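Taken straight from TrEMBL:
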TRANSMEM  233-256  transmembrane segment
TRANSMEM  300-326  transmembrane segment
TRANSMEM  332-356  transmembrane segment
TRANSMEM  368-393  transmembrane segment
TRANSMEM  399-421  transmembrane segment
TRANSMEM  459-478  transmembrane segment
TRANSMEM  490-511  transmembrane segment
TRANSMEM  523-547  transmembrane segment
TRANSMEM  559-588  transmembrane segment
Amino acid sequence: MCTKFVKEMEKMALYVVVLLIICYASPARSDGSDHKYKSGDQVPLYANKVGPFHNPSETYRFFDLPFCTPDHVKEKKEALGEVLNGDRLVSAPYKLDFLYDKDSEIVCKKKLSKEEVSQFRSAVAKDYYFQMYYDDLPIWGFLGKVDKEGKSDPSEYKYYLFKHLHFEIFYNDDRVIEINARTDPNALVDITEDKEVDVDFLYSVKWKETKTPFDKRMEKYSQSSSLPHHLEIHWFSIINSCVTVLLLTGFLATILMRVLKNDFVKYAHDEEAADDQEETGWKYIHGDVFRYPSHKSLMAAALGSGTQLFTLTIFIFLLSLVGVFYPYNRGALFTALVVIYALTSGIAGYTAASFYCQLEGTNWVRNLILTGALFCGPLFLTFCFLNSVAIAYSATAALPFGTIVVIFLIWALVTSPLLVLGGIAGKNSRAEFQAPCRTTKYPREIPPLPWYRGTLPQMAMAGFLPFSAIYIELYYIFASVWGHRIYTIYSILFIVFIILIIVTAFITVALTYFQLAAEDHEWWWRAFLCGGSTGLFIYGYCLYYYYARSDMSGFMQTSFFFGYMACICYGFFLMLGTVGFRAALFFVRHIYRSIKCE
């Protein structure tokens, strides 16, 4: 039954990958991006959102600011991932017909009230930008500028609103290839004072021919992360990580293997020689090393959730490597995360229930509930708080009620049933825990250990090396997720991820050996905590990035950054803790299988 279930889960996972590739891999998207146009045809242009440039999570609807509004504002239907990304596309007030040039066309003549002038001035002071999509190509621009030249007192600053927008559009035959938007620095409106202002909003359109083929039009946005100086830094990161791995593996090879070899030779002496000497080191605790840990239900749940998150990460990397997450493929990553997480919940249920039953647990139903809530519970509570903050700010990050219902239905109809099915299959697997040595009835007393053998110092040592192997790449990830930098070098990121897994496994094995050599047999939770400690280092890096490398500010952006990063780092803690524990368990079984345990 278990084998059949696992095969079904593998088929389902394969279907998910194929479905997502079909839906998202093709650069030619719907909504007009794959249309051919004739001269004069209306090409779809949608206004998306506005917000402070340095606060990527704090975005608002385009028409929350008093722009010119079209006669009929039409909202575009969006996919789940687009809504989660904060996209709210509506019809824009500009008409950019195919191959039709326009010069200083009037959008509207508007008399801005004092309140509207104050609203625009506040937006310009916070470096507000706007974002639009033309034939699914992104357009960016700033609303205005602040004149600070020669002025030391902020009260003397001059605030100007751009009123003329120039669109430069490149085409190849009957396809739109590229679009750029720039503001006219000479067409300004002074909005420094709170008074009514008459504004003529204008736009111009210039069409130019290009030889760039349609299927390569998105390469412009991915090339920024592939510039030579960026690639040099990425490869330096890879070399740094590889050196760390080589040093660590060399350390294990020269120290652990030599010590273990000596241990095996010593323990392989004849029985008379063994009787003359008292056993010491890790052989001495062979009757306690496989004693089941405390809170075994929580440990099984953590291993189940960590295994699911590890599987989710592997699938995301596979999709990225085949080109699914190309730049500005709106919402593809969020859709993939939701769908794959839902469909891999059976893996969490199976792993947790199987391991819990191996540890002779009896209340497998409670264990299954704990598994389902271990990661989703904190994530749900964080989402409730942050969504309430977004609602209070009237930001687009606030999910509509319909989207929340859809996510709840996915959880209720897909995630939970698969979790239960996986748990039932795991419970019925009847697998026994493979322990090479018998466990004694009473545990041995652990000898006093120095302070650096404690859990927290060991976690600090275990987390530092894996973190040092990835910290250079972390900056680019943060600048992409919490900024406007584009990241597309997924192959390098995947190599760094593999190195992270290897280093985490190796350092956990090394620390587990030293713990056992000190006759401390309570290694189960220690191995998990040491493996997952890199997640704590990443959260520490969040503090550094926020205060030293970014210009984020405000309660909403701060709460979003630290709230969702706490959930991400918690996920890393569970995933890497699982990797560390599995490596340590394999190592412990191997060394105790190699000696004769009485």
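Just so you know, glycine gets a Cβ as well, placed from its N, Cα and C.
Listed stretches 399-421, 490-511, 559-588 were compared with the transmembrane segment (233-256); the greatest number of C-beta pairs under 8 angstroms is found for 490-511. Same-chain neighbours of the transmembrane segment (368-393): 58, 297-298, 300-302, 304-305, 308-309, 345, 348-349, 352-353, 399, 411, 415-416, 419-420, 423, 555-556, 559-560, 563-564, 566-567, 570-571, 574, counting only residues six or more beyond its ends whose CB sits under 8 Å from a CB of the stretch.
Non-local neighbours of the transmembrane segment (399-421) in the same chain are 5, 80, 83-84, 338, 341-343, 345-346, 348-349, 368, 371-372, 376, 387; each lies 6+ residues outside the stretch with a CB under 8 Å from one of its CB atoms.
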